[in-house]
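For reference, the structure is listed below as structure tokens.
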Amino acid sequence: MPNPHYQADEKDSGRRHGVTGFLHSFWGRNKGLVLVLIAQIFGVLMNVTTRLLELEGNNGKGMHPFQILLARMFITVVLASLYMYYTKTPDFPLGAKPVRKILVARGLGGFFGVFGMYYSLQYLPLADATVITFLAPGMACWACSYFLKEPFTRTEQIAALISLFGVVLIARPASLFSSNADQATEPLAAASIGNTTISEPEDRFSYDNVTPEQRIMAVMMAMLGVFGAACALTTLRWIGNRAHPLISVNYFATWCTIVSAVAILFFPGVDFVLPANLKEWTLLGFLGICGFIMQYLLAAGLAVEKSSRATNMIYTQMLFALGFDKLIFGTNPALLSMVGSSLILSSAIYVAIQKANNQVPPTSKDPRSVDASEELGLVQHVDSEDLDASSSRSP
């Protein structure tokens, strides 16, 4: 007579093996997607940390974007240089002669890309600042069509115009939306009742304290960041596999360090400050760790999954930005911002899908297949061919 306990144990064992087999199969099929997805979380965490430092750093006075860039990129230069020296990276430190001028352009473009993002985080919600960065791949496609004679289709042109209209909705200039309820108002520090003035505590995270002029300036700087990121994307396409990706990273971080140091020395109102307390040191350290983890996971994800499935996962960054906006800063997106963000996001996704459908087999050579989030933060704009080349050259 069969033992019922034995049969039950056998069923449980079979069920466990079935679940384990499913998980192994799922991981094997979607490893690249998962890694890129987690990279987006760390990318948003990096932007959240940047905004916290800009608003609460320096004992509540706020740290200037140049100060954050100097601290972060100097560490990047040191670590990247030590790694390339230790591993004897080819053509370290300046790269091959034929591409040095392009590497300089890549570094300068990358600086404006990241500075535009960091500046806009002072006055824009995290989600708004993030979604504007999705204009960069489209701008890079236009630049590649001009400099590299690559096609810039009618669909991409229409999508770019729709995205620009979305940016206008996010900016909400007073001349166009003066009667709109979403328009930001002048900050009110106190309310008067009779002869008594009642001061209300200022919420540093509240966007009610952002004037229309500050908001438009933030959007303009974000667009400067888009042009910078597009320049970086275009130069990376131009460089191809003629330079090790870490050399490109080093050019980018070096230019950020130099320009930030010069700005701190000569720009009025921008001084060199060290973190004032343990919290600020922790935030700066966390910022650097998030940047490193994001780069590593993105590089690993794109190396494993070379189809457009992985690169399209960058658009999930918008969802994480909305979530952290609400969780950390208590921000609910304005109606026009939601409409503008939807236009930008839907245009980018539609063009990405169209490009993927027209590619047989799919490839990551297109600028859209490269993540623009960290150019905007650090250097992730390395396509899968560059990653393959770097892995074959590195010991």
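Note: Cβ is positioned from N, Cα and C throughout, glycine not excepted.
No curator has checked TrEMBL annotations; they are predicted automatically.
Note that the structure is predicted; figures quoted are calculated from it, not measured.
Residues annotated as domain 'EamA' in TrEMBL: 31-171, 217-351. Per TrEMBL, transmembrane segment is recorded for 33-53, 65-86, 98-119, 160-178, 216-239, 251-269, 281-303.
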Which value does the mean pLDDT take for the domain 'EamA' (217-351) in this predicted structure? 81
Using DSSP, tally how many residues of the domain 'EamA' (31-171) sit in helix, strand and coil. 113 helix, 0 strand, 28 coil
